[in-house]
């Protein structure tokens, strides 16, 4: 679901095809019949943006028919834990959980906690990946029989009780028999002997309920015992060569390396406060080591200047206080608050939602640095943006100074990428780059040298961290080519024992006293024993099924996360067929085909002593070692800002009223109302009929994301040479569209012109007594390259998931009309009239609480 | 027919009709028609230096690539059969890596667009780097915030922003984040937010 | 050599093909087995082929034939992935095919007008058998996909994908008619154009019953799949087969591939995929069987391939006999051109 694996990850799909040939059943749920659907045993067409309704239906089917893997659920999930009395569900509050603050469009989450456990409020972007800690009593109140009305299991049951097959049909447009076929296949292929894997991609994340989409999938997999076991799991297929790595070692505003949070201005004034917010009384698991992780990071960054006396330089870190995400920053560019922008290997002028917003931001900078392999729209906006035609950008009046620096390619530098299953693989350098082409390591090194030189004599305390920055990596090349040796940088990311100068072998060796330095605790071990483990290349036919000697997978080179759950509570494999890890009583340790993802010598029946913390506090049956309670979370007592359970909300722009609740859309979704970012109206607002169709966009196999790595290549461009829009024959007839004719898709943001593909791969949905049409476009084109076309992302507005600030670009509403779009200065005029019909510019749909609940109890 | 020897033989043998009449290929469609060039054809990778072991730069599956070079130039990129992830296979984009790396679309020189200019101009790389460093420090200073309205410490700059990282190596992202944070810059984002 | 000897050699299905073509101790005949049932239509084969063989792009035209913008095999496309959308109903959809005639009307002229390397030079309609109906074999069908094939009664929508390639026929029409010896049978049993010999006459183009070989508008010479002849010399797998993510394209010894194809067909039949069929498997067919076999999920014409192709030179021997030309070295050398002329003259 939410993934088009055959098209977007074709080589990974070989394993699905192989599993299918061995008898696995493949189900594809997607708004559009894709090359993945073509090879599925069952294809289920769904309305874009209704995945939680579908998965909620599956959960209801499981719980209503007692089909959960009860032994697994009882032992390994938080099903038995009791939730506070104050908690009220969406069933009680017509689509809201307890604690909603209407004026601020956010929740006070204090009522969602476990009974008796302390609670830290959940606020977005403040807690890294660990989420706020759980302040735990010796034992959380629980009912092992799962009967207590306030136990998680019963709450879950009530929450999803109205997600019936009828409701799934009404919301998703999936016929009941087809839906039940999926339920039967999923449950029949789960349990002791069988497992089912769930695959998603940005089809799940790019929604105002993105994080909750994934939560819903995880709940199904936990209920069916499909986590931590071979053939199970929830797979996020990621889209760029190192997008996993750039999340682990984050070039992201809210994180420090290893998913530690960026310091928050209010909550983390000093090191002690930061660490207290990370760890809590009685908390289990490996986040308890956050002090060692952070202090080792500060030691790597500031070297000898990081001392216990100065909080290891913690005070030098900048603080965040809210949303500094890419869209917020772009709007600040338009407002003149950002002066300079560095863009590397990314093409926001085409690839980000609301392209016009992006380009207007670029046009209002003092300077812009673009580093890439080829010329691309983000660097050339001042001469070929669509806004030049409309007169919104005039080259002679655009002051942005642009530096385009040619980059070295992946074969012209060594280094690691972290692929989608967390594996780091070292790339050898094949050739030198030519001309001015340089690696990004060169760029940052040279920039650092220049900045350091300019600040040598500064006495400004602001410059202290730059003056004290440890930057003594081994260098290679000379003169104009001098750059840090990536091998040495990786060694420092792995971490060093400063007392011996040798590498540490794992995160357990990191210390909070300043005697270790480590760039990313999670990558500890990638350079264990002074060896670049990511460079291991033992051929797969010379090793076992988990291939431990090829690359290196975080954490600790284990290939299946939470693999303690592959054995039953007593430490025996659930079945011979699904054997992965087991307790060897004779040896007194966990053993098996993978590296144990659990304290290796903690026996299955272990009960930790009173007052234990961290890994020592894990019971023998707590497989979820990063959770404060050691359990898989069916119910998330904290960590999410839009509720402890996934709930079906309509997309921000939808042709439909939410049939389940008075609350139409995610009440905490992040909206950005401003003239450049108008929204289409949705029910219950008036004028929804102006944009009657569901719009969704995605990729093609033949191109790569925003196109800079494919539109310039003849061998790829010829395979998909032009932007097209897919419509069903029914919609084509309705709008008078002809195959290969020209049409334009319109939203309140923009109009995009494309050739029409009339295809049965698109089909209208019948739901809730009406017909809903969906329209699909690939988004790879822009004004630059061998093949050019309109920017599809111009159609989308910016509205985001409140947890992670990812934009809802997988669903919006639109209209489609035959013929070319208006050209010249006209589009804005014509769009203005459309916007007027839709209820005026910018205001429509811009409030979070788009619906007053029908009855507030 | 008795076969002549020596130079005459070689001369005659270069004539396909002679080969057809004297050899076993009487229809002249096989061995007799094979040109010397065809006979000596070899894969260009066989003469290359040992390939560099690399990873595909497109999506995140992480398919292993072998990069063949000759005289400092990349001559071929194909899958590495040893990989447990990809088993030597590549998708169309991965298969186009050679064109990605060696094609004429690659920019080789710094391009500079002065404010209000309507065309690119040239700029030495070293000059560009000096200009960028100056501008970074200036924008950093202008966007500096010591505290928020409540007096909480911010010690950051909002004057500069960075975007990108999902196509960049871990080691490079590490240096990016480290330098950016030391500069007090918090606006740093990449494709993972998209 | 008498005309009878020539006749015999042309008519015989040569099992030891390379040996018959004058190679001492040749390696086993190799080929492709393209199993379309696992093709995901990614087109890696097209790109890998072009990157290895330095084949230029084939025009940046949107053809509107599902996801196929290559259109057909040609001088600059040695692999071609065909996409066939077959009628459903999937889900609750109504009859959407009313627009299909309109779609066809849109697609066909564009496809015909697409700049194709020299196909206008040779791909005239070929008879499939003496006196048989003229059939356009150079392009995929323009009728409703699946029409008349039983697809109308299907209950599921299907999207078929198939990577087409030169068939490396046992009786290769292109090779038979080549007057210069540019086309030849390699020691691996494959059929290759030698670029250092080809003079661009284009006879081979009309000699191919599949519309595979084609003249390049860039250099005028004939080009097609070589089954990576250079790679074969070094024991390497052809580029397309190596890249193929799902092993839809398999490379190997032809005998082994035939067995593999038979096994796969049996498996699919057992799984209830009754429409699965092999194409080019039968050494007794009109071209003596393919070097590149296919497993199809529908009839060949659905994928734009001729149902029962016959090498045009199959009837050359009779003609030869009727003409009664004297045997001689020069006649032998010119045999290809001669046969081609004979074919061209037939009514």
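The backbone N, Cα and C atoms fix where each Cβ goes, glycine too.
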Same-site residue for [4Fe-4S] cluster 1 (record: TrEMBL; known: C:39, C:42, C:45; options: C:228, C:244): C:244
C:49, C:225, C:228 bind [4Fe-4S] cluster 2 per TrEMBL; candidate in C:208, C:240 listed for that same site: C:240
Residues flagged as transmembrane segment in TrEMBL, choosing from C:302-322, C:323-343: C:323-343
C:1-26, C:53-78 - the range that TrEMBL marks as region 'Disordered': C:1-26
C:80-114, C:115-149 - the range that TrEMBL marks as region 'Disordered': C:115-149
Long-range Cβ neighbours of the domain '4Fe-4S ferredoxin-type' (C:30-58) (under 8 Å; 6 or more residues past either end): 67, 70-71, 74, 76-81, 83, 116-117, 159-165, 168, 188-190, 218, 223, 225-228, 231-232, 238-254, 257-258, 260-261, 264, 268, 273, 276, 290-297, 303
Three-class DSSP secondary structure - residue C:240 ([4Fe-4S] cluster 2 binding site): helix
Among C:42, C:225, C:244 (the binding-site residues), residues with Cβ under 8 Å to chain A, listed in sequence order: C:42
Chain B neighbours, restricted to the binding-site residues C:39, C:42, C:225, C:240, C:244, by C-beta under 8 angstroms: C:42, C:244
Residues near residue C:45 ([4Fe-4S] cluster 1 binding site) in space but at least six apart in sequence (CB under 8 A): C:79, C:81, C:163, C:165, C:240, C:241, C:243, C:244, C:249
Counts of helix, strand and coil residues, the domain '4Fe-4S ferredoxin-type' (C:30-58), according to DSSP: 13 helix, 6 strand, 10 coil
Reduced DSSP assignment, residue C:225 ([4Fe-4S] cluster 2 binding site): coil
Nearest-integer angstrom distance between the alpha carbons (Cα) of residue C:39 ([4Fe-4S] cluster 1 binding site) and residue C:228 ([4Fe-4S] cluster 2 binding site): 21
Candidate with sparsest Cβ neighbourhood (10 Å radius) among C:42, C:228, the listed binding-site residues: C:228
CB-centroid shell, 8 A cutoff, [4Fe-4S] cluster 1 site C:39, C:42, C:45, C:244, site residues removed: C:40, C:41, C:43, C:44, C:81, C:163, C:240, C:243, C:245, C:246, C:248, C:249
Cα-to-Cα gap, residue C:228 ([4Fe-4S] cluster 2 binding site) vs residue C:42 ([4Fe-4S] cluster 1 binding site), nearest whole Å: 20
Count of other CB atoms lying within 10 Å of the CB belonging to residue C:49 ([4Fe-4S] cluster 2 binding site): 27
